[in-house]
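Engineer: Have a look at the structure that comes next, please.
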Number of protein chains: 2
Amino acid sequence: MKLEYRNLRVALLGGGSVGAQVARLLLEQGPELANRVGATLELVGVAVRDVNAERTVDLPRELFTTNAEELILGADIVIELMGGIEPARSHILLAISSGADVVTANKALLALHGPELFAAANQVGAQINYEAAVAGAIPIVRPLRESLAGDQVKRILGIVNGTTNFILDRMDTEGSSLEDALAEATALGYAEADPTADIGGFDAAQKAAILASLAFHTAVPLASVYREGIELVTPAQIESARKAGYVVKLLAICERVTDENGVDGVSARVYPAMVPRSHPLAAVHGANNAVFVEAESAGSLMFYGAGAGGVETASAVLGDVVSIARRHVAGGPGVAASSYAALPVFDIGRVTTRYAVTLEVTDEPGVLATIASVFSKRKVSLALVEQSMTPAVMATKSRAARSATATLVIGTHDATEAALAATVQDLVTNSVVSEVASVLRVEGV
Amino acid sequence: MKLEYRNLRVALLGGGSVGAQVARLLLEQGPELANRVGATLELVGVAVRDVNAERTVDLPRELFTTNAEELILGADIVIELMGGIEPARSHILLAISSGADVVTANKALLALHGPELFAAANQVGAQINYEAAVAGAIPIVRPLRESLAGDQVKRILGIVNGTTNFILDRMDTEGSSLEDALAEATALGYAEADPTADIGGFDAAQKAAILASLAFHTAVPLASVYREGIELVTPAQIESARKAGYVVKLLAICERVTDENGVDGVSARVYPAMVPRSHPLAAVHGANNAVFVEAESAGSLMFYGAGAGGVETASAVLGDVVSIARRHVAGGPGVAASSYAALPVFDIGRVTTRYAVTLEVTDEPGVLATIASVFSKRKVSLALVEQSMTPAVMATKSRAARSATATLVIGTHDATEAALAATVQDLVTNSVVSEVASVLRVEGV
């Protein structure tokens, strides 16, 4: 049987934790994959910087080479798992121009140079698959690209960074400090030695750019993604959110929006936000990822699973390889990346959402009215005021003034970032406010 | 721009709640879809039994016809949403033989005649897409067919019937009886006038056959799917499960299994089972569906969303249409259905799982030892015994005998259905057992 199959030459760039697993699976599952594809997948080599470096998986020594270009020029399918911008970008462009299809998990590269790479691929009918670039093994790129191709995506709320979800989950369930939870994540191998990319939301922002581009058929540059990390999230905020029935998650948000002037556009942003406990995203614990998609016709969908890990990510890479291999057998060009919609990408100032603002205020009568008028002046309307305040703050008529302060938690209705920022500025300078203790956005309501 | 596009003729068979929504979306989103596909999608007609029947959506009268054959013969893509076996089967075979590709949501037809239809399609290089046949708008067919194509699926646990999930959820959260919850489901339009297909697990069994065939590359006939419905689930069972930290769900289970003799095979089965509260499936409420997939490399994934509804299902149908249309533009035959693995499908007797058995026993010393020996004789080992029993039952030494009965809840380790059935038979005839009140399988642990 096997002799009748066409042979497809697969070149692997990168021998790290994902690359080594991909190589192992290609070697181990060769016959099984050949049956699924109708072609044999021959791993012709693994390009690495140092052929003598130690690998997480024991692989035949003769597979390794430092000559990536030569490997690429002899391949039908090139799998790029080196990471980083260069030489990954040049290697992918070389693969496309030499007639190969490409599978990559390189989110940084796609977020920065996606349009260039897709344009090169579209020109020659090549395919770039990148399921592993977002949310590891969870199928999200293909569902957005194909399953929802006949629908209109309205919003995506994604937990797309396992490290920060692990940390926030520990803070929520164990009452840990951010530092302790980060130390635990590092000890468990979830966090890198330098955790900036995770903690600062940079990794999530790259994924937000990729998801928004896909979902809205619009090139969404990384630079247009608004980004806040979890550095400033405090146990007090988590505790206060928990009491109010919320959990704090770092969300990658991609949204179709219409601004105040009726202009349609899209927004991509990353920040820690309060999510209701009853929302399916609230049940995503540990280092897991999940992407919650709201579509015009399909309604709410959620895709859940492990967001990282060598073998998990390798599964997504292999799915992409099999998909390309099947097309090689069937013939026809690759599915082109689409960006025809070319919607404007809005600045965060034009986006509306809800907020929870925690204030330390003078504990005296009339304070609530004063605060309410600050919000009202900026046309930010109030949805709720937390009941934990003292009787003095609640009272609108005179009573004995007190020198102590009280805590006020205010939830707003939808407001623009610009209006909220102006409100916060007014609060900071208001004499009854001793501190703006916390401002958190509320999503998923 | 539009004039440059190739035109694809789309025939729709069926004008019910899903069909009407598909027609509406094709008409409304025509230009948008054309941009995504690179071809215009022209709805050439809707075949119905009665052109004058009332529709849920207002559609141009001239689209309707009773002549399905004529419509099919002039189409590039045929969407079959009539339901039932005939004439749906003949219509699909006619479409394939006349060179069209097919999109269908007909789970009953696929579960019964899938192999015949796929063989006909494979022979001519036609494609049959059926995302909407399982779990409505939730992308599960494509992820299994493509995203996990490089992985090995080990097990699928699916909540694939919204009506029964609604009923069990109401029994769990509101303490409703099955009858009251069913009445509520009927009032809300979730349940059909004759709810047998849902309540009896027949609908879920069809979906289990489709999922198992897909996941294991093996033709799994509907007749080989073991099936139990929720008719006999009692509020007492739900309450007892709840106290033990479980929730009762009707599960469609597809599993790679190795039997006692080391033979590899697959099992597909449907029954109400206890699922731990901490399992992601436990959080699937109301009429929602979710499919939990455990794969060798990818680990655990879950796909969640609305399982039914006209417009939701229409979204999945349109995704399938767009996918086929893109291939028409690109060229090449359709993705063939694969069943090369041809694994044996095991009878339920060869499958192992865990059980929770509730017994009414004589409340006297030594009873626990007697019961334990009944299980032990059949080599079913005990994982736990619920602590709600009386001191008399727990006591192994003599004490004053009592005439009252006590309730005993026993959890087992993995055991075969055959061993458990023999154990239950022994329990029924044992003199200390006054009643075997409940036997429920436990999944997801």
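Cβ from N, Cα, C; glycine included.
Curation plays no part in TrEMBL annotations; they are all automatic predictions.
Since we're looking at a predicted model, the values are computed, not measured.
Pulled these from TrEMBL:
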ACT_SITE  A:LYS207  active site, proton donor
BINDING   A:LEU13, A:GLY14, A:GLY15, A:GLY16, A:SER17, A:VAL18, A:GLY19, A:ALA20  NADP(+) binding site
BINDING   A:LYS107  NADPH binding site
BINDING   A:GLU192  L-homoserine binding site
DOMAIN    A:356-441  domain 'ACT'
Engineer: Taking every residue in the domain 'ACT' (A:356-441), what is their average pLDDT?
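Structural biologist: The average pLDDT of the model in the domain 'ACT' (A:356-441) works out to 82.
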Engineer: Among the recorded positions A:LYS107, A:LYS207, point out the residue whose Cβ has the most other Cβ atoms within 10 Å, with all shown protein chains included in the count.
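Structural biologist: Top count of Cβ atoms within 10 Å goes to A:LYS207.
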Engineer: Treating G and I as helix alongside H, and B as strand alongside E, what does DSSP give for the domain 'ACT' (A:356-441) in helix, strand and coil?
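Structural biologist: Summed over the domain 'ACT' (A:356-441), the classes give 28 helix, 30 strand, 28 coil.
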Engineer: To see if you understand the setup: which same-chain residues, six or more apart in sequence, place their Cβ under 8 Å from that of A:SER17 (NADP(+) binding site)?
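Structural biologist: Long-range Cβ contacts: A:THR56, A:GLY310.
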Engineer: What does DSSP call A:LEU13 (NADP(+) binding site) in the simple three-state scheme?
Structural biologist: strand
Engineer: Take the mean position of the Cβ atoms of A:LEU13, A:GLY14, A:GLY15, A:GLY16, A:SER17, A:VAL18, A:GLY19, A:ALA20, the recorded NADP(+) site. Which other residues of that chain put their Cβ within 8 Å of it?
Structural biologist: A:LEU12, A:GLN21, A:VAL22, A:ALA23, A:VAL46, A:VAL48, A:LEU81, A:MET82, A:GLY310
Engineer: Express the distance between the Cα positions of A:GLY16 (NADP(+) binding site) and the residue listed as 'L-homoserine binding site' as a whole number of Å.
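Structural biologist: About 14 Å separate the Cα atoms of these two residues.
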Engineer: Which number gives the other C-beta atoms within 10 angstroms of the C-beta of A:ALA20 (NADP(+) binding site), all protein chains shown included?
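Structural biologist: So the number of other Cβ atoms within 10 Å of A:ALA20 (NADP(+) binding site) is 23.
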Engineer: Let me make sure I understand the structure: which of the binding-site residues listed (A:GLY14, A:GLY16) has the fewest other Cβ atoms within 10 A of its Cβ?
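Structural biologist: Among the binding-site residues A:GLY14, A:GLY16, the lowest count of other Cβ atoms within 10 Å belongs to A:GLY16.
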Engineer: Out of A:GLY14, A:VAL18, A:ALA20, A:LYS207, which of these recorded positions is nearest the residue listed as 'L-homoserine binding site' by C-alpha distance?
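Structural biologist: Given the candidates A:GLY14, A:VAL18, A:ALA20, A:LYS207, the nearest one is A:VAL18.
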Engineer: Have a look at the binding-site residues A:GLY14, A:GLY15, A:VAL18, A:GLY19, A:ALA20 and say which one has the shortest Cα distance to the residue listed as 'active site, proton donor'.
Structural biologist: A:VAL18
Engineer: Would you find the one among the binding-site residues A:GLY15, A:GLY19 whose Cβ has the most company, meaning other Cβ atoms within 10 Å?
Structural biologist: A:GLY19
